[in-house]
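One structure is given below, encoded as structure tokens.
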Amino acid sequence: MIKTLKFGGTSVGSAANMRRVAGIIVSEGARLTVLSAMSGTTDALVKISTAAKTGDNDTAKATLAMLREKYTTCITELLSTHRDAALDCMEGALATIANELFTYRGEVSDKLILAQGELLTSAIFCYHMQELGHRAVLLTSPEFMHTDPEGKPDTARLAQELKSRVTDTDPDIYYIAQGFICTDSAGHISNLGRGGSDYSAALMGVAIGSDEVQIWTDIDGMHNNDPRVVENTFPIRRMSFDEAAELAYFGAKILHPLTIQPCKEAGINVRLKNSMEPEAEGTLISADEDNAMDFHAVAAKDGITVVRITSARMLMAYGFLRKVFEVFEKYKTPVDMITTSEVEVSLTIDSTCHLEEIIRDLTPFCTAEVVHDNTIVCIVGCIDAHHPGLAARIFEGLKEIPIQMISYGANHRSMAILVATQYKKQTLQALNDHLFHCTSAQ
Ligand code: ADP
Ligand code: ASP
Ligand code: MG
């Protein structure tokens, strides 16, 4: 069985954790291992680059020094024969960052700076595998992960280039690659967005023809609700691709929103596992639908802006919605939720980069009102429209909460509601108490 395993920042966050990861990939017999940067690295690199750009060189230098200490500690604790080589590698990465920020006079590349975390972490880990006596090969992901001008990965090129590196002829080799980073259409180092290592692993797992992609993190699988916000959540043992994709898209941080799609298309199961507790069962995501339960999970996505569009011209008219959506299309702004009435259409967006232009283009033919700081709460399950009482059960617990929008689609798999972000915690907890309180771990 060919397996691609991905480990997130906490999983490789210290020498002790890296040792545990080495044990897991050997016992799983991973063909390809995709790594994030040690926890806190990417945040620190963002901070360094932002500080340096605003002239706050003290903060930038202090944060660089913190990173040097963190990585030196890890290298010293983990490595012996390859210690000096790893320390040189670290100095090289830190010099690249410093040169970009303090010496180079051209346009600073944040992406080049951010990439150093994954490059350095994967190099240290590969040295560790070699010191353990394994045949480990370090790959450089930007050599085979390329994106087009829209930021979309070139999967055909990835398959071709990765397959030529990860060969079947020697199954004893452990291939180690960086998640997150890639090369953009201009040939510069770039990335797939924050949290993008999950997506990298899915794409690479599909590219080498894996039978399973495993996402190893710091929690025992996908929980029924956001464990950072709500008490008494529990892991879901099995879920369908569509449910997992919906939850990831609507804020379940355990998975980057784009992770599931490539695996679903290729029919490759995704397993979520806890690297701190490898024997825990985790979650298996596959094509199988589980219709036994009405409600499976809840997720929430913050930073949502509502645009309320009103026009008397909408009454009994056709073509109005097309005009509205053309404006959003023009500015490449995805729309998440939509509700309509006779003279109003409300929709939500999470990117406000082009909001000003969008409003300007809408105003000649309608009135547009904008409300920021909202949260979409998505309830996923077998919410069958023919099954009376399900909507009532959802809203039973939400009597005290002002609900801005409700969307219930044709797939009968999910219902989304929009609340002001100040009501997010109350909403998630109320749904947990009402929809899951008598359900124990499945
Ligand atoms: P990694 O660094 O391994 O990619 P992340 O921090 O990105 O890990 O994702 C794991 C975290 O996702 C968990 O620690 C948990 O707090 C959070 N999380 C949010 N929603 C869920 C959920 N529904 N199920 C499990 N974890 C969730
Ligand atoms: N290191 C990157 C981040 O923190 C990518 C990832 O962890 O998936 O966003
Ligand atoms: Mg993550």
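Cβ atoms here come from the backbone N, Cα and C positions, even for glycine.
Copied over from TrEMBL, here are the features:
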DOMAIN    5-274  domain 'Aspartate/glutamate/uridylate kinase'
BINDING   T217, D218, R228  ATP binding site
DOMAIN    377-434  domain 'Aspartokinase ACT'
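Once Cβ contacts within 10 Å are tallied over all protein chains shown, the binding-site residues D218, R228 are led by D218. Within the same chain, residues at least six positions away from T217 (ATP binding site) with a Cβ under 8 Å of its Cβ are F7, G8, T10, S11, I254, L272, K273, N274, S275. Compute the center of the Cβ atoms of T217, D218, R228, which mark the site for ATP; besides them, the chain residues with Cβ within 8 Å of that center are G8, T10, I219, P227, K253, I254. As a summary of secondary structure, the domain 'Aspartokinase ACT' (377-434) carries 21 helix, 18 strand, 19 coil according to DSSP.
Classification of R228 (ATP binding site) by DSSP places it in coil, neither helical nor stranded. In the three-state DSSP reading, D218 (ATP binding site) counts as coil.
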